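First the structure, in the form of structure tokens, and then the observations on it.
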Amino acid sequence: MKHHLTPLDATQLDSWRALAAHRQELQDFRMRQAFIDDPERFKRFSFSACGLFLDFSKNLIRQDTIDLLVKLAEEARLSDAIRAMFDGEAINASERRPVLHTALRRPIGDKVLVDGVDVMPEVHRVLHQMTELVGYVHNGLWRGYTEKPITDVVNIGIGGSFLGPQLVSEALLPFAQKGVRCHYLANIDGSEFHELASRLNAETTLFIVSSKSFGTLETLKNAQAARAWYLAQGGTEEELYRHFIAVSSNKEAAIAFGIREENIFPMWDWVGGRYSLWSAIGLPIAMSIGISNFKELLSGAYNMDQHFQTAPFERNIPVLLGLLGVWYGDFWGANSHAILPYDYYLRNITDHLQQLDMESNGKSVRQDGTPVTSGTGPVIWGGVGCNGQHAYHQLLHQGTQLIPADFIVPVSSYNPVADHHQWLYANCLSQSQALMLGKSREEAEAELRAKGLPEAEVQRLAPHKVIPGNRPSNTLVVERISARRLGALIAMYEHKVYVQSILWGINAFDQWGVELGKELGKGVYSRLVGSEETPAEDASTQGLIDFFRGRHRG
């Protein structure tokens, strides 16, 4: 029985019921006391894989919790589901497609069949095509319409054609190649285009239009704006091919735009947008960091793929993180999850993981179309430390919601300044420690008395200084951010999302909810510009249309 055809209702499994009973046993569990009772707790609940060190000891778990979660994964036939994905089965059931972003990072010589055809030769042909293009640009051989070498590459794309590539190219800035600057244009807001164009020279700018359909509204409008800007700056239609390339499965539309066929990189139906940075969608990454580092990124992801497929569940990073997510969401009532990178270069990882997790697991029906019987994807949010400590960490520490968190931190910085990195690392650890330890009423009172405050003032202030603690977190440590480790980190989160989708019985690889707004947007636009006179479907939308039409000037 295939999970994507007949998904299990995990809530009916014996292990799910056992976990529900176990949750009640842990009602008074305190992590602070657990560390006192078990000096080996850190060693028991931490390990390394693929260049990542995971400490999951600061969680609301005992060893029997992990045993029960692993039992849940086994009863849900997670191993079969993992095998089905890597074997190319059509696990995206609603669209009847395989899910094979993992094929993009497999070595040459491997064999992956889609409809009986081995796709690996085509994968490596495109990688070779990327290698040639990046080499031409970096060596100054790709010239603009005035024969000047390209100095700026602009990626025009949105969603998965933007978030993943932006994350990687900025996370790996220490590896940026000299002579070529990379930029991203995603939003349809004209101000974004204006600000970017003001920093560019049309003679030396290459645009990458990334859209599977070559019809994504925001991307097409920005591509048209870039084309008009290029022509206004002195470029010609005849030389347009020097300044525009495409990543798309709609070759005809890209050619009609003016892009030469040999400069169109393919996309495949078996790679979803939010999983596509490993494909030619990653061209801006390769332009930024060089093709050899891009291949290191692929290698790191491949290493995580191997770990995911072969490591026992109790020592499998994506499996454990996925199980812990289900533990908190379905048994502790957690509705969100914080991503807290303590590294400036990783500042965009939360944006990418928001799409990866929320677009994948933001579902309310199972693979077979029946309603889910459990909670599904959480809200993903967060941001770079230490900034968050002076903003939303207050809610993490003293708010009423249980919000699990992932701390991500490197041991070494590429840019050491005095003892800044030691303080950064210390802040990361102390935040996870504070979430776990908290501060009792007795400790708060003792602290205030030690400052010499009168007893009345101690009693007045003490309740405000109590911090509940017992808030769960994981800490992921890398020695230093590199292409290989970053590839492993991103692939880890991809697989974590898949694990959770299996336990919830949902399809992590479609996104039908995104389409409704697009469809309605066309009607709203027609009414805004006056080409559609019938009123909108509701009074609120029509009122806002009227407000715009009564005030908009140009």
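Just so it is clear, glycine is given a Cβ too, placed from its N, Cα and C backbone atoms.
Taken verbatim from Swiss-Prot:
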{"type": "ACT_SITE", "residues": "Glu359", "note": "active site, proton donor"}
{"type": "ACT_SITE", "residues": "His390", "note": "active site"}
{"type": "ACT_SITE", "residues": "Lys518", "note": "active site"}
Notebook entry, point to check: Counting every protein chain present, what is the number of Cβ atoms, excluding its own, within 10 Å of the Cβ of the residue listed as 'active site, proton donor'?
Noted result: 22
Notebook entry, point to check: What is the total of other Cβ atoms whose distance to the Cβ of His390 (active site) is within 10 Å?
Noted result: 9
Next item on the list: Please work out the number of neighbouring Cβ atoms within 10 Å of the Cβ of Lys518 (active site), leaving out its own Cβ.
Entry: 10
Checklist line | Rounded Cα separation (Å) that holds between His390 (active site) and Glu359 (active site, proton donor) | finding: 29
Check: Whole-number Å distance between the CA of Lys518 (active site) and the CA of the residue listed as 'active site, proton donor'?
Finding: 15
